[in-house]
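Visitor: Pasting in a structure now, in structure tokens, and then I'll have a few things to ask.
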Amino acid sequence: MNLKTTVLGQTYQFRDLKEVFAKANEEKSGDQLAGIAAADSRERVAAKQVLADLTLADIRNHPLVPAEEDEVSRVIEAGINEKIYQEVKNWSVAELREYILSHRAGDSELKRISRGLSSEMIAASAKLMSNLDLVTAAAKIRNISHCNIAIGQAGVLAARVQPNHPADNVQGIKAAIYEGLSYGSGDAVIGINPVIDTADSVKDILLMTKEVMNKWDIPTQNCVLAHVTTQMRAIRQGAPADLIFQSLAGSEEGNRAFGIDVALLDEADELIRKEGTATGPNYWYFETGQGSELSAEAHFGVDQLTMESRCYGLARKYKPFIVNTVVGFIGPEYLYDSRQVIRAGLEDHYMGKMHGLPMGCDVCYTNHMKVDQNDMDNLGVLLSAAGVNFVIGVAMADDVMLNYQSTSFHDIAAFREVLGLRPAPAFEKWLEKMGIMENGKLTAIAGDPTIFM
Amino acid sequence: MEQQLDMLVDKVVAELQKKLTEMARQTGHPKEQKHDEAAAHETAGEEQPVVAEEPVRMAQVPHPKWQEGLVELLDSTPARIGVWRTGVRPLTKTMLQLRRDHAAAVDAVYGEVSQPLLDEFSLFTVETQYDNTENYLKRPDMGRILNDEGVRLLQERCQKRPQVQIVVSDGLSASAVDANLRDVLPSLMDSLKSYGLTCGTSFFVKGGRVASMDHIGELLQPEVLVLLIGERPGLVTAHSMSAYMCYRPRKGMVESERTVISNIHRQGTSPIEAGAHIGTILSKMLEQKASGVKLVL
Amino acid sequence: MEEQWIKSVGIDVGTSTTKMIVSRLRLGRMSSTFSLPRFQIVERQLLYASPVHATPLLGADEVDAERIGAILRDEYKKAEISLSEIKSGAVIITGETASKKNAQHILHLLAERSGDFVVATAGADLEGVLAGKGAGAQKRSQSIQGNIVNVDIGGGTANAAFFYRGRAIATVTFHVGGRLIRLDEQGRIQYVSPHIGSWLAAKNLYVQIGQTVTFTQIEEVARQMGRSMLDYLSGKERKVSGLLVTGGHLQEVLPIEELSISGGVGELMRTPQVENIAEVSRYGDFGPLLGQMLRHEREQGKVAFRWTEPEQTVRATVIGAGMQSTEISGSTVHIKPELLPIKNIPILKLELTQEHMNEPLRLGQEVRNVYELGQRLFGESGGIPFALALSGIGYCSYAWLQLLSQELSEQYTTIFPRSRTMVVVCETDMAKALGQALSLRCKGVPEIICIDQVRVEYGDYIDLGEPISGTIIPVVVKTLAFDEQA
């Protein structure tokens, strides 16, 4: 394994794969905070150059996080199809990148090769891609999933309605749901982040969302994004949940900080299959985001892009209905400004798609980052062009509970209109029935939440 | 008997209310005159504390199916609903309002706590190693440690091993301190008095993070410590404060060992009520010798 | 503490029947771990419902307190519940029973025999609201755009409550009930309530004691009575139908979208057709016919509103009383547990505005007015003269809290020097801060009980139960004078 290269007359010798991986990343404040980032552009290119020539076998044979020490590594290892891996193991990362971007590789070719790739290999390919590479590659892959309805088809952009309320007031949540539905959002999920972490409160919200869905015959799915154990309690108490949610980290230690492990996810998986209310076969909703492992000091000195990719390796075990990176939520110490957030959003989306996941993105930022709503407009359009399965809809992008900004119901309508995208087919039919949409366009009554009262 | 009493109550109340309306009507005119006087005063240099006026939220949907219902929806949530649209984009006013609130949030991050306010509560200032705001944002670890000057100041000026140590910090919102300290801190002091607790030398930490509690704990060794710190600003309010509390803070404390009351601001958790309740929590920490998840409230 | 169950009973002594229920209410934390604690009733379960007993009477207008006591003793045994377990609930003496001469005596007796729980007496307004809740009208109103009226018709009165979007907005009570006219199986009239005399006269209907009526005659009375009540509610005609109203009239015509009828007569609307006097008089009164005539009104569908089935009929009031009367105060409060429970404290209301915050003198004057009113009404007992309810305070600064607590405490100790406990009920979340400020000023004379997040009105009475887990206070607000604006 060659870890040495010369760039513009300067020779770089990297210590190990971990260092190459970290330094090959585009600039991120999180890698800098961890003290593993490239010192300058030249070192960054050197690392990319070294990485380009490494083979996929090199990556597999030198695990960044040893399987003996980490169950996420074990899940990723166990997921690799050996036959497919054998076909590609002698490819360099450069060859992998070129294959993925080539016209030879379409949707089904990429899906097949994906089964022979580890999360680290996929991460490596992302490191060699420009933003437009990431868009181009991801746009080829359609990962369709089905809970109560199917989303992810070509030409479809779905949206989660995120109707959060600072005190979990059920009426207030309902009000924001009505608003979102009236703009044509809500086909991915009606998903609430609760403030109150009790089974009672989760159950109340699940009941209310189900009631709204039943009353208006809405083809979608509900979810309350409490900790998985709280959702499990609520479901055992009879709460109607279509989806079960959890945030994931890319290491066992990181997941422990979230209060979960693989055994718990397996248990929740069994429960939602038995006692969930949806059609299936996909019942999970996962969220991820670069930086969470470092934040929990559970990153093994590995860069945040690679750790993020490992989240997807874990996620694919559970065949989720939806997965999204909450790309700009974690704060400036991990992603400092709009450049970094936009880059991370495109990376995460690409890596998720390459894992075969129905990948969405919470295009978002907090108020202490050097980002504003214009940057979100940009990333939203880029991701929509890249075929993102879904984005997040919040009233005027302002989440009054989580205190950050995402994309708005207006934004989703605009992404669709500008790029000729549609809601999920079943949902669009319903929007037409309700008179909210006609031929893919919002009608005159769209935007009036009182049509649901 | 009781029924007679009721009738009496009703009668007196009705009279009282009539009188009140009359009073209100009578005082109407003089008040208007007073307005002008007040204006004159203000120009004479008597500055009123500026209260951020929240604009009244109005539904913009031009022809809603149910007008009363729309009002009900807006009343039920601070979320920006009922905003209407032009094509698929928001109306100009709505868009500008969002930008204005974002500006306030950004200002809160980059702002400074008012010195007269700190003087009012005799809080002296120490700094962490944060250096500057950009570095503060990128390097949370540096906001957890006081700089050498800060360490020296604490050792010089603070009572050691107090029962309760109060620390105030700007954190991610200087304006949270400006907006809430006058309510939270004295209410907390009253509460300590009610519980018979004693308090060491309070001070202000510039560029502080939550875990600066640990370093301060090592230096001053209080029984319990409460840190009143500005939260990451949102758009609904940029002035929200949190109170982090800890029993015997020291290096290496984990998140679950801290007890938190967050969202303290005018439209959220009542600042005076939070102050009073922090006293209750601290007294329970002292009683149970624990904080965070181990504390039974 | 995550959750806790408390037991609550409801007892309804009506003109013709007496019922009780036992329920349990689950208190759950409804706040995040990062905010001030807040508990609410998150679940209500009916554990036991007694059979419907005939209300035991001594003669025509006196309820037999001893026998009521015996019924309850028996029912408690059947429900396998001991009095000490009961933490909340309400006793309601409904309809005409309430004006029978020993109502007060019964209430006291029931209070003693029902355990050390919070006992509520009720006026017709509260009864109507509780019955509407028990019948499910309040809940249903949340899902429709218009008003829902539930009318609970018993033996002596019909209590109507209007609900709009989950809130009770008006009540009205009629002298309409099954036992207002009693007759034997030959059709001989045994009793005609004097309350309906003027209405009968205005309608040219003649029913007198001793008179023997035909099926057709009595059917006409029942039809007219049902129709009058409906006319009043819909506003079609109120001059004659208004003669049936007891207590306050409705100020205006409130459009009705849905109507449900609960109570004993509501139940009789579902029973098979009666066709002769013998069938009519099976309970010794014209109740079955009143139910039947209301059913006819419903079937004919002449009125503009939609009729719906109530969730409960005979037991609507008792279920409302047992399961829906208790609220929970905010969980940051200032109390002395040993001073609770306290019962039947009248409310005096101090409504404050922004102007009071800017003008200390006006605040002082306002406080004095209210205290002096309290002094005139309730005297200067050594106990608790009243509970002071504070409303209209939005955001309260510390500076203003000081001003307020100074005015409240100084004037209180001057005007009520012998009172040992001062009770304050705040609408917004500020009880702990205010209680603490008052207490620092009063230093135990008087003691301070300050709770919050409970809405009360002039004329209400309030009961505060024993604290559960230290700071959770069950509260029963007894609305005697219903406020249409509320």
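Every residue gets a Cβ built from N, Cα and C, even glycine.
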Visitor: Check TrEMBL for me: it has A:Arg160, A:Val161, A:Gln162, A:Asn193, A:Glu287 binding substrate, so pick out which one of A:Asp348, A:Asp362, A:Asp372 it puts in that same site.
Guide: A:Asp362
Visitor: Have a look around A:Gln246 (adenosylcob(III)alamin binding site) and count the other CB atoms within 10 A of its CB, chains all included.
Guide: 24
Visitor: Which entry in the list of binding-site residues, A:Val161, A:Glu287, A:Met401, has its Cβ near the fewest other Cβ atoms, using 10 Å as the limit?
Guide: A:Glu287
Visitor: Around A:Gln246 (adenosylcob(III)alamin binding site), which of the listed binding-site residues (A:Arg160, A:Val161, A:Gln162, A:Asn193, A:Asp362) come within 10 Å, judging by Cα atoms?
Guide: none
Visitor: Would you identify the secondary structure of A:Ser295 (adenosylcob(III)alamin binding site) according to DSSP, in three states?
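Guide: In the DSSP reduction, A:Ser295 (adenosylcob(III)alamin binding site) maps to helix.
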Visitor: Most Cβ neighbours within 10 Å: which of the binding-site residues A:Gln162, A:Asn193, A:Ser295 is it?
Guide: A:Gln162
Visitor: Among A:Pro194, A:Gln246, A:Ser295, A:Met401, recorded adenosylcob(III)alamin binders, what is the largest CA to CA distance in Å?
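Guide: Answer in Å: the longest Cα-Cα distance is 22.
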Visitor: How far is it from A:Val161 (substrate binding site) to A:Pro194 (adenosylcob(III)alamin binding site), counting Cα to Cα, in Å?
Guide: 14
Visitor: Apart from A:Arg160, A:Val161, A:Gln162, A:Asn193, A:Glu287, A:Asp362, which residues in this chain have a Cβ no more than 8 Å from the mean position of the Cβ atoms of those residues at the substrate site?
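Guide: Surrounding the site, in chain order, are A:Val189, A:Gly191, A:Leu225, A:Asn324, A:Ile392, A:Val394, A:Ser406.
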Visitor: Under DSSP, is A:Asn193 (substrate binding site) helix, strand or coil?
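Guide: A:Asn193 (substrate binding site) sits in coil per DSSP, no helix or strand.
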Visitor: Please list, in sequence order, the residues in the chain of A:Pro194 (adenosylcob(III)alamin binding site) that are at least six apart in sequence and whose C-beta is under 8 Å away from its C-beta.
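Guide: Those within reach of A:Pro194 (adenosylcob(III)alamin binding site), by Cβ under 8 Å and sequence separation of 6 or more, are A:Asp168, A:Ser201, A:Val202, A:Ile205, A:Val224, A:Leu225, A:Ala226.
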Visitor: Take the Cβ of A:Arg160 (substrate binding site) and count every other Cβ within 10 Å, whichever protein chain it belongs to.
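Guide: If we count other Cβ atoms within 10 Å of A:Arg160 (substrate binding site), we arrive at 30.
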